[in-house]
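Below is one structure, written out as structure tokens, with a few remarks after it.
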Amino acid sequence: MYFCGVKDRKKDIRALTKEQLQKFFVAEGDKSFRGTQVYEWLWSKAAHSFDDMTNISKETRQMLKDNFVINHIRVDRMQRSSDGTIKNAVKLHDALTVESVLIPTKSRTTACVSSQVGCSLDCQFCATAKLKRMRNLNPDEIYDQVVAIDNESRLYFDRPLSNIVFMGMGEPLMNYNNVMKAVEKITSPEGLGMSPKRITISTSGVPKMIKKLADDEAKIKLAVSLHSARNEVRTQIMPFNETFPLEDLREALEYWYSKTTSRITYEYIVWKDINDTREDAQALVRFCKYVPCKVNLIEYNPIDDGNFQQAAIEATNMYQDMLERNGITVTVRRSRGKDIDAACGQLANKSA
């Protein structure tokens, strides 16, 4: 059988492949086509209940209820920022909470989704890192975040979701298999049918997994939370850099580009008295020479401990000028959703 035999422990039906569903129905004396129907309801139609499956008989729906559950997420609380950004506090089936964000602009709507409850890493400037990792999200929990934000985009902005960034809670490359299964569902014609080129995975820099991403021929875009191109500084603000130093990261990124020819985006915050010197900017310029890239200079979004402060505008301008003079594409990115703690680095389940 393709489900748990203990009646009080029903299996989440979305853990089954389409082929497993087809075999289940054949074993129950039905046609394999019924499995295809159910699979379509679960993914492309994102059904949250077996009762939603209106082209399936009541008897079959009851049989599904007897054997399976659909562990869908629930938007427990939605907050709207003065700039239009929406933050969802998402309740999981085990009562844990993650957050996801809809970021609207004039031309697009972007979903910022979470991959873990908490985070595996220990970036000192990030509110999520203070939570520590409780567990990885499974593929359907990631998928459901995207579906919820797509629905909100259509409802509030009258257009479908256009882009997805894995920049919410968690380090996506530390939940590699589930993240990639979710991406597969999101991009499949049997799922949401989104182009993988509209999906960006943002990592703090896990060299081994960046190489695996390249070997697996992922068509997504890659962003790296860099924040310093000097090991002594990066280790101070991102302690895991002691294990995964910049030399290893550089090698992995060179490997990524050699396999994919896809340009990398570096996310970079300039902090007062941490990385706001010409020496820091020069180190970034040198690091950018290794592979084709662009740099996003990001406004810092403060968290409660107050240990980090945004550098003066002159420091950001110095970075921008130096990068541009060296032929490196650079964008100064304004934060969205700050007033509801929805901006980059602020997701900490405060609304839960």
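From the backbone N, Cα and C atoms, a Cβ is placed for every residue, glycine too.
According to Swiss-Prot, the active site, proton acceptor annotation covers GLU99. According to Swiss-Prot, the disulfide bond annotation covers CYS112-CYS344, on the basis of sequence analysis. Residues annotated as [4Fe-4S] cluster binding site in Swiss-Prot, with sequence analysis given as evidence: CYS119, CYS123, CYS126. Positions annotated as S-adenosyl-L-methionine binding site by Swiss-Prot: GLY170, GLU171, SER202, SER225, LEU226, HIS227, ASN301. What Swiss-Prot lists as active site, S-methylcysteine intermediate is CYS344.
Overlay of Swiss-Prot feature records on the structure.
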| residue | record | Cβ neighbours (10 Å) |
| --- | --- | --- |
| GLU99 | active site, proton acceptor | 26 |
| CYS112 | disulfide bond | 28 |
| CYS119 | [4Fe-4S] cluster binding site | 25 |
| CYS123 | [4Fe-4S] cluster binding site | 20 |
| GLY170 | S-adenosyl-L-methionine binding site | 29 |
| GLU171 | S-adenosyl-L-methionine binding site | 28 |
| SER202 | S-adenosyl-L-methionine binding site | 21 |
| SER225 | S-adenosyl-L-methionine binding site | 23 |
| HIS227 | S-adenosyl-L-methionine binding site | 25 |
| ASN301 | S-adenosyl-L-methionine binding site | 22 |
Cα nearest ASN301 (S-adenosyl-L-methionine binding site) among recorded positions (GLU99, CYS112, CYS119, CYS123, CYS126) -> CYS126
Among the recorded positions listed as GLU99, CYS119, GLU171, HIS227, within 10 angstroms of CYS112 (disulfide bond) by C-alpha we get GLU99
For GLY170 (S-adenosyl-L-methionine binding site), the spatially nearest of the recorded positions GLU99, CYS119, CYS123, CYS126, using Cα atoms, is CYS119
Sequence-ordered, the recorded positions among GLU99, GLU171, SER202, SER225, LEU226, HIS227 whose CA is within 10 A of the CA of CYS119 ([4Fe-4S] cluster binding site) come to GLU171
Students should find that the Cβ of LEU226 (S-adenosyl-L-methionine binding site) has, within 10 Å, a number of other Cβ atoms equal to 24
Counting every protein chain shown, other Cβ atoms within 10 Å of the Cβ of CYS126 ([4Fe-4S] cluster binding site) number 24
Among GLY170, GLU171, SER202, SER225, LEU226, HIS227, ASN301, the record's S-adenosyl-L-methionine-binding residues, the widest C-alpha separation in angstrom comes to 19
For GLU171 (S-adenosyl-L-methionine binding site) and CYS126 ([4Fe-4S] cluster binding site), the CA-to-CA distance in whole Å is 12
Spacing of the two Cα atoms, CYS123 ([4Fe-4S] cluster binding site) and SER202 (S-adenosyl-L-methionine binding site), in whole angstrom, works out to 14
Here the Cα-Cα span from CYS126 ([4Fe-4S] cluster binding site) to LEU226 (S-adenosyl-L-methionine binding site), rounded to a whole number of angstrom, reaches 13
